[in-house]
Amino acid sequence: MFAVHLVAFYFTKLKEDQIKKVDRFLYHMRLSDETLVDIMARFQAEMEKGLGKDTNPTASVKMLPTFVRAIPDGSENGEFLSLDLGGSKFRVLKVQVSQEGQQNVQMESQFYPMPNEITRGNGTELFDYVADCLADFMKTKNLTHKKLPLGFTFSFPCRQNKLEEGVLLSWTKKFKARGVQDTDVVNRLATAMKKHKDLDVDILALVNDTVGTMMTCAYDDPNCEVGVIIGTGTNACYMEDMSNIDLVEGDEGRMCINTEWGAFGDDGALEDIRTEFDRELDLGSLNPGKQLFEKMISGLYMGELVRLILLKMAKVGLLFGGAKSSALHTKGKIETQHVAAMEMSKEGLANTREILVDLGLEPSESDCIAVQHVCTIVSFRSANLCAAALATILTRLRENKKLARLRTTVGMDGTLYKTHPQYPKRLHKVVRRLVPNCDVRFLLSESGSTKGAAMVTAVASRVQAQRKQIDKVLALFQLTREQLLGVRDKMRAELEYGLKKKTHSLATVKMLPTYVYGMPDGTEKGKFLALDLGGTNFRVLLVKIRRRSVRMYNKIFAIPLEIMQGTGEELFDHIVQCIADFLDYMGLKGAQLPLGFTFSFPCRQTCIDKGTLVGWTKGFKATDCEGEDVVDMLREAIKRRNEFDLDIVAIVNDTVGTMMTCGYEDPRCEIGLIAGTGSNVCYMEEMRNIELVDGDEGRMCVNTEWGGFGDNGCIDDIRTQYDKEVDEGSLNAGKQRYEKMTSGMYLGEIVRRILIDLTRQGLLFRGQISERLRTRGIFETKFLSQIESDRLALLQVRRILQQLGLDSTCEDSIVVKEVCGAVSRRAAQMCGAGMAAIVEKRREDQGLQHFKVTVGVDGTLYKLHPHFSRILQETVKELAPQCDVTFMLSEDGSGKGAALITAVAKRLQQPRKDI
């Protein structure tokens, strides 16, 4: 028993001694965590350099855009061919992707040899050989009668400008075919395939093997957004935000970047890490000074590194008693498969002895232990370096997504990773140690990168087909110049109908006289109350007017839905309650003040303090109001309360209030526009044109109520099925059709209807219509403004959609943003066409060649939407080129305008209370 313990002790001591000896000799190959963190920082800097337009030419890590913008979503379908060129064998594959209720992939493949005379010969011969193999495969599988899309996995660095193109930057591994560098390899393959008349193949995608690996794994796990190869060579790809890729135009979405990390260090960034053995190996390689990171990691070089170390250790007498065999002197005699065999847990030492004996050496027990440890240090360093670079990519993904913790999947492939017994667990352990805030799943690509090329092709086919369907829907909202001119001219005709006595009753644009005859002259003064009713909020203001200065105090009150859609008496009692609260709040209880009432609904007026409601809009439905004088209803509610008395001087529309507010600042202002919850315009019209009011002298403000434009069907040619659905689901079906295409209250609902349709077609949200998406009104217009903001990254768009209960992918977010853009752009253009009709009419009425005018504008859509105001202004400029139109934002809203109109009325003190 004692003897057994003695032998065990001796062996353990021997092992420890040998390990220490090797550790001392290979001290520089053992990398601490501190060193790995430093390497991460260097790799991050190189990635940034590669992504920058100005710095890319000198970057060693090329960060090549692949033009792969989407990963599989499970809806891919069809038959695809795939070629895989990049290793010692060449593979042709047929992939059948079908849904049938579940994801299903069937593959048939054939391997063909890649002789050295082909890989290092003439480029034309190389591609002819590939085309011959493809033709043979198609003939064998009876596919020559079919036209099939093809994905080409090409495992060498290429610069791409599109998915189906790739210019070879340089050969790597053992390839050296002449005349291929700086040429488009897809074009070279297509030319070679043309020599086979029976081949009808469409090359849809060129992908790197890492991209293929990522796509293969992403088909099984949608969280996969990184691909890593650790085999003959080494490389990684990952999904990068487009906003960070300077080399490609556009900021939307993500694109897969082929890092080509094998060249990391080619600029000297890793000189302090490289050892004498790395330098010796590099000098004896096919491409000295190139792919230095790869030469410290990949399977092509690992065995050779071990051989060089063993040779040196033998030379200095640390191994084999100083003996060296001719095999140990021979390049390539130790391969990576030998390293893997020597590091096996149980058979490792026996394998080591056998391999060393085959090399003509006579190893002792201690030699075998030492050699095994050399292999461990070399392969562990490889795993450490890979882990540092991968950890950098994972950190970048986490930071791009602005997450405290990232959950992601890395697709893995490569013979070294797959066949080395210790490599995967070492890599995983170090990665998790370097990025503790990332939960990483490592997924082995069972079918290799060739299936991935087919998946890229399948995704490209799907995206192409989906793009056509999406474009078809969006095209409905793209108005041509001719269509916009048509809207302008029809609006002009409707304006005329509304002004004329004979046609007024049939006109959709009501052109209501407001009895506002003039603008402030700056002499107005006093204290005035103003009410502003027109949306879900109601505002009460105290306005103090002094010579050329206005001070305002206001309070906002909510109008609950049950009040908006209850009885008229309840609505006006609620308004009076709000006035009472405000007077109390301002310490004016019992004060008798002149009041201006901004009432943003169509009213027929016979004088300035009388307004008969024509019809509710914007979601209001209070009963017993339509056809009634709303000023009388307000007076009666004040009487019912019996707490205070107010002198109601004027009732004005919000557009009139806006025009007056801006007119106080700019005498040229004679048009008011509201583009908010609702949409409307007023303007100063010549009295001679207003047939509903007696008198031809001077001008009067006309409230167009243009929201009703199109109620007679005159713009049905540009109304879409979605507009019709929104109209049918509204409180006032068949009414306010123009407003329903242009105002904030309805744009979100149009977007929601489009999203439902696209989802139904399987183009969004994985074809799943959530309960939330079925809910009317979830898509408020403020979300459109947020989603379309140029400053907002897609990640933030996704967050907005998630707040709405919509679980969207990056691709979904792009489509949602496009839909929002199409709907709001059309709204702005139609508003612009309507405005062009008004300014052109004013120009012609005054007989002017050139007309200069200011439009006072208010409304949340105009103020908050990032593009609405610009598009509206551009449209007016294009459709009314002889008019110089300035748009002035009404900072203080239409409430101030009501007070100004009241002030003007009091100043003039006309018994009729006309202005």
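Placement of Cβ uses the backbone N, Cα and C atoms for every residue, glycine included.
Quantities reported herein were computed from a predicted structural model and do not represent experimental measurements.
The region 'Mitochondrial-binding peptide (MBP)' feature in Swiss-Prot is assigned to 1-20.
The domain 'Hexokinase 1' annotation in Swiss-Prot covers 16-458, and the record cites sequence analysis as its basis.
The ATP 1 binding site annotation in Swiss-Prot covers ARG30, ASP84, LEU85, GLY86, GLY87, SER88, LYS89, LYS425, ARG426 and is backed by similarity to another entry.
As annotated by Swiss-Prot, region 'Hexokinase small subdomain 1' applies to 73-207, with the evidence given as sequence analysis.
Cβ-based neighbour count (10 Å, all protein chains) for ASP84 (D-glucose 6-phosphate 1 binding site) stands at 26. Marked as D-glucose 6-phosphate 1 binding site by Swiss-Prot on the basis of similarity to another entry: ASP84, LEU85, GLY86, GLY87, SER88, LYS89, PHE90, ARG91, ASP209, THR232, ASP413, GLY414, THR415, SER449.
For SER155, THR172, LYS173, ASN208, ASP209, ASN235, GLU260, GLN291, LEU292, PHE293, GLU294, the entry in Swiss-Prot reads D-glucose 1 binding site. Around ASP209 (D-glucose 6-phosphate 1 binding site), taking its Cβ as the centre, 31 other Cβ atoms fall within 10 Å, counting all chains. Reduced to three states, the DSSP call for ASP209 (D-glucose 6-phosphate 1 binding site) is helix.
Summarising the annotation, Swiss-Prot assigns region 'Hexokinase large subdomain 1' to 208-447 and lists sequence analysis as the type of evidence. Mean model confidence for the region 'Hexokinase large subdomain 1' (208-447) is a pLDDT of 94.
Marked as domain 'Hexokinase 2' by Swiss-Prot on the basis of sequence analysis: 464-903.
Sequence annotations record features per position, and here Swiss-Prot assigns region 'Hexokinase small subdomain 2' to 521-652 based on sequence analysis.
Under the heading D-glucose 6-phosphate 2 binding site, Swiss-Prot lists ASP532, LEU533, GLY534, GLY535, THR536, ASP654, THR677, ASP858, GLY859, THR860, SER894. There are 21 other CB atoms within 10 A of the CB of GLY535 (ATP 2 binding site), with all protein chains counted. In the three-state DSSP classification, GLY535 (ATP 2 binding site) falls within coil.
Annotation comment: Swiss-Prot describes 532-537, THR677, 744-745, 781-785, 860-864 as ATP 2 binding site, evidence class similarity to another entry. For THR536 (D-glucose 6-phosphate 2 binding site), the same-chain residues 6+ apart in sequence whose C-beta sits under 8 angstroms from its C-beta are ALA558, ILE559, MET564, GLY619, THR677.
Annotation source Swiss-Prot lists region 'Hexokinase large subdomain 2' at 653-892, citing sequence analysis.
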DSSP-derived class (H/G/I helix, E/B strand, else coil) of LEU861 (ATP 2 binding site): helix
Cα within 10 Å of GLY86 (D-glucose 6-phosphate 1 binding site) - qualifying binding-site residues among ARG30, GLU260, ARG426, ASP532, THR781, GLY859: none
Within the region 'Hexokinase small subdomain 2' (521-652), residues counted as helix, strand or coil by DSSP: 35 helix, 52 strand, 45 coil
Spatial separation of LEU85 (ATP 1 binding site) from LYS173 (D-glucose 1 binding site) - C-alpha basis, Å: 12
LYS89 (ATP 1 binding site) versus LEU864 (ATP 2 binding site) - Cα distance in angstrom: 60
Mapped DSSP class for THR781 (ATP 2 binding site), helix or strand or coil: helix
From SER155, GLU260, LEU292, ASP532, LEU784: binding-site residues whose CA lies within 10 A of ASP209 (D-glucose 6-phosphate 1 binding site): SER155
Alpha-carbon distance [SER155 (D-glucose 1 binding site); ASP413 (D-glucose 6-phosphate 1 binding site)] in Å: 13
GLY859 (D-glucose 6-phosphate 2 binding site) and GLY535 (ATP 2 binding site), distance between Cα atoms, whole Å: 11
